[in-house]
Structure formats: C-alpha cells, structure tokens
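Student: Sharing a structure with you now.
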Amino acid sequence: MVLVDNHAAKDGAEDGTLVDFRGNPVDKSRTGGWLAAGLILGTELSERICVMGISMNLVTYLVGDLHLPASKSANIVTNFMGTLNLLGLLGGFLADAKLGRYLTVAIFASIAALGVTLLTLATSIRSMKPPECDSRKGHCIAASSQQLALLYTALYTLALGGGGIKSNVSGFGSDQFDPSDPKENKSMIYFFNRFYFCISLGSLFAVTVLVYLQDNVGRGWGYGISAGTMVLGVAVLIGGTTFYRFKKPQGSPLTIIWRVLFLAWRKRKLSYPSDPAFLNEYHNAKVPHTHMLRCLDKAAIIDDSATANENSKNRWIVSTVTEVEKVKMVLKLIPIWSTCILFWTVYSQMNTFTIEQATFMNRNVGNFAIPAGSFSFFLFISILLFTSVNERVTVRIARRLTHNIQGLTSLQRVGIGLVLSVAGMVASALVERLRRDRAIHDNFKIRAFWLVPQFFIVGAGEAFAYVGQLEFFIREAPEGMKSMSTGLFLSTLSMGYFVSSLLVSLVTKVTKGSWLKSNLNKGKLDLFYWLLAVLGVINFLVFIVFSMRHQYKVQRLSSLEDSTKELKDWKDLTLGNKEKKLGAEEKEEA
C-alpha cells in the first residue's frame, strides 16, 4: 500500500491546500477529477452492497436458521446497524485528527472486508448452526452462545469497517474537485448526485440478487459475493492512490468542544465581566458574540492563570470567543437532533419486523417465490422516486407558495418525513391486523404485496427526512465543524436503531412476550406498530415546538448585523446631537 506522507504534506502545503500522494502541490491535469472520484465511488458501492445485503435479510437467518426469538433477532439487527452508524463518529475523528480521509477509508474498508469474510465462514460452517427443527414435535433448539460468537465477531468487525467508510468516503470524493474552479465546482454537484445513486444502486442489487442467492442458493454464496466485492473495492481504492488529491488532517473539532466545556466548568465560579468586550479575542472573533448559553462564555474569561501573554495563547487555559460561539452553535442543534431519532426507529422496522411479516405471507408470483428480504426493493424505489419528485415538483410548487428560493426549509422537510413515518406505522398496523386475522380465522395467507404501502410511505418519508436532516446539520454547523456535524447526523440513525432495540426489549418484558413472538400469528405485532405511531405523534409535536424556536444561522447572523448597525446608527446620532448642542452653546457664549 502506498501511504501519504503527512509530514511532507505539512511541509509542502498550507492549511486547506490539496497535495498529491508524495505531499507536493497537486497537478490538476494528473490528479483528481472524475477518474479519481469514480474509483472512490467504487468503494462506497462495495460497502453498500455488503451492509444492505446483510442487514435487509439477516433477521430471516436468525429466526429461520439459528432459531432465535423474533424480538432477539430484531435487536441483533438494529444493534448492528446502530453500532455501524455510531462508529462513523470514530472514523470521522481519526480522519480529522490524524490519519486523513484516504488512510481512514483504506484501513476501514480492509476491516470491513475481513468482517464480511468472517460472516461468510460463520454462515457456511455447519457446526456454527443448531440442528434443524423437529417437524413432528415442533421443537427447535436455538443457537448457543458459542455458535453465535463468530457471528457477533463478524458483524461488529463489519460495523467498525463500515462506520469508518461511511463518515469519510463522500468527503474524500469531494476533495477530488476544486470548488474555486467553476468547472470542477459544477462537477462536485454531480458527484453528490452520483454518490447517492451508487448508494441506491448498491442497495437495489443487494435486496434483489444477493437476497435471492442467500435464500435459494446458500448464505455462504450470498455473503461470499459480498466479501469478494469488498476486497475488490479495497484493491481499486488502493490502486488509484497516485490519482488522488489529499487534504492533510486539520485536527478534530471535537477537541475544541471538549476544551470549551472543560474550561467553562473549571471557571464556573468566576464572575462574568462587566462588558463582553473583555472576553478573550472578542474584537477578533470570526463569529459574532451572542448571549445564549451564557455559561459557556466563562471559558473565554481571562483570569489570573491567563494574564501572561504566553498563557493567553494556550487554549487549555483560555478559549477564544470564536471557539465558544462555535460550540454554542453545535449545542443549539441538539434539540432538533433529539427529535430526529424516532424517525430512524420507525425506519429500522423495515429491516426487521416488516421482513418477518413477509415470511408469513404469500410471496409467490406464479411458480416463483420472492425472497422476503427482496420486498425492501419497494422501499428503495420509493426513496429514488420521491427524491426526484421532491426536486422537480414539490420544491417548485413550494417556491410559488412560500416565495422562498429554497421552497421547503430543511426543518419543513424533516417535519414532512416525521408525519409520513407515523402514517407508515399506521399502515403497518392495519396490514398486520388483516394478515393475522385471515391467517387465524380463515387459515389463509394474504399476498405479501400488501406490505408495499408501508414500504412506500416510509420510503417517501426518508426522501424528505434524510435530505432535510443532512441539509440542516451541514448548513447550521459552524465553519470547520461540518464533518463533525455530518457525524452528528449519522448518530441520529445510530440512536434510532438503539431506541428500537430498547423498545423491543421493554415491550417484550412488559407484555411478557405476548406482543412480539417468533410466530407472528400468535403475537400482536400490530399493537407494537400502534405504539410507534403514538410515540411518533408525540415526537412530532415536540419537534414543532423546537423548530418554531430555532433561528437559522443565516437569520441569526443577519439579526446580529442589523442590531450592530442599529447600535452604530444610534451612537452616531447621539454623538451628532451632542456636537450640535455643544456648537449651539458655543455660539450662545460668543
């Protein structure tokens, strides 16, 4: 593997300057552009094929082959996906602080390839699975902890690798284009479109071809192809090293956040200065000072320990107003962040219980039985459809109605997504009630295409919520913290999956397992869906309160500028009146 020399990069470039793999200033004719970006997109395509090919059909393997309870199986899947997205924060931190995006993607892609290889072994070795169920007695032996050990090792190795890729691959791809060059800046916009296309393409391939192979040929074959794809992705990424442009690590913004919080706590007993202008580097601040979260201002108080000139430059002794204000802006995102979590809790049901529903329904089209996991195809088709419709129809209509160039603000998009998630759970509950009643009373399996509405509605919700959340966290983040803010967005996905696991465990305990059973015909899954719908309504009402109180960064800065201008005008007017008064008095005396 050819590694980027970080020391050479430091010597050969200033902050923000792109360099080649030797650390020299880039030659645009030989590096970057679509060739480099295309190779990077291949890595994302491989990661998506692996992750979606596993997560969308894993619950059927856990219940059908390992004979685990449906609730435990659902939690294994959601914990895996939650951990994968949460580890995106670790990948982003390592890339920003030390390794850079290229090394982080290359290392974590190799870890992901190892994880899916271990998963292939875990599902292929016969001793890793319990004996088949006794059809006469209807008795099944669940997989032991020893048999699950290799499976868990494989899943969380893949989660570690996938998290490192997810948080850095899009940023590394965008580094291949120079935003100051009009032609390359236009290409960068197309890059993000094609990046999303690769995600969708990989997901569609996974839920159709790979899921079919897993169910009809063998798990080992399905996961083996995923492993081969990931190894190929790593080889392509490393093979293109000489074509890439690299941006040296700038240091993690998380360090600034911890430092400001630490200093604010350490100086909590100090008194506020009589004038904010006495705060450290107040007049040189790149972000205007605000009075919100005033307790954090204490981090910028110049006390006895910071009076010496050399100490005033030590950021572990005193912070600057700019750093404090950036941390305030990040903390203001937390209320909206908290209300975005439940959407992904609802979305996670599309990977777990909805797939399990399909196994109890008629999936035949002629003589062909559609794999249960392949019904996720309708989810991704809905996402692609509504993403296109939103940009070409919804936004244009909204522009005419609101006279806003954005059409829909980022929080309005999120709100629509939350409403659709509630509607999706209502549809899920009604379909499950119908399915169970027909199965119990008429001994009849309704067609699995009844699941399409819930896939379609939740997919439409993601088209609004995903774009809205991503736009919100990127636009509202302070400069220099946008990568971390993207990680904050990914953590909403992570927390959504973990909340799903928590709810499943609580519901199973409170209902003593009567709602969520492995045999859905004996359970009450529809009540669990109704519970999610009610929680969704409450969450939406809280979101409305927070969003009405939120002031967008552009509005806030504009308001501060207006206030500053008004204060300046008032001072000028006051001074002018004083000068006139003094002039009049002088004339009188003369």
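The first residue you see is number 1, and the count goes up from there.
Any Cβ shown, glycine's included, is placed from N, Cα and C.
Heads up, TrEMBL stuff is auto-annotated, nobody curated it.
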Student: Looking at the candidate ranges 145-169, 220-244, report the one that TrEMBL labels transmembrane segment.
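Tutor: Per TrEMBL, the stretch marked transmembrane segment is 220-244.
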Student: So, taking each listed stretch (76-95, 451-474, 486-507) in turn and counting its Cβ pairs to the transmembrane segment (329-348) that are under 8 angstroms, which one gives the highest count?
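Tutor: Selected stretch: 486-507, with the most Cβ pairs under 8 Å.
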Student: Which sequence-distant residues neighbour the transmembrane segment (451-474)? Criterion: at least 6 residues beyond either end, Cβ under 8 Å.
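Tutor: Sequence-distant neighbours of the transmembrane segment (451-474): 333, 336-337, 340, 343, 346-347, 350, 354, 357-358, 361, 375-376, 378-383, 385-387, 390, 408, 410-414, 416-421, 423-425, 427-428, 431, 482, 485-486, 488-489, 492.
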Student: Quickly jot the same-chain residues contacting the transmembrane segment (527-546) by Cβ under 8 Å, restricted to those at least six beyond its ends, or write none.
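Tutor: Same-chain contacts beyond the flanks: 335-336, 339, 342, 345-346, 349, 353, 414-415, 418-419, 421-422, 425-426, 428-429, 432, 503-504, 507, 515-516.
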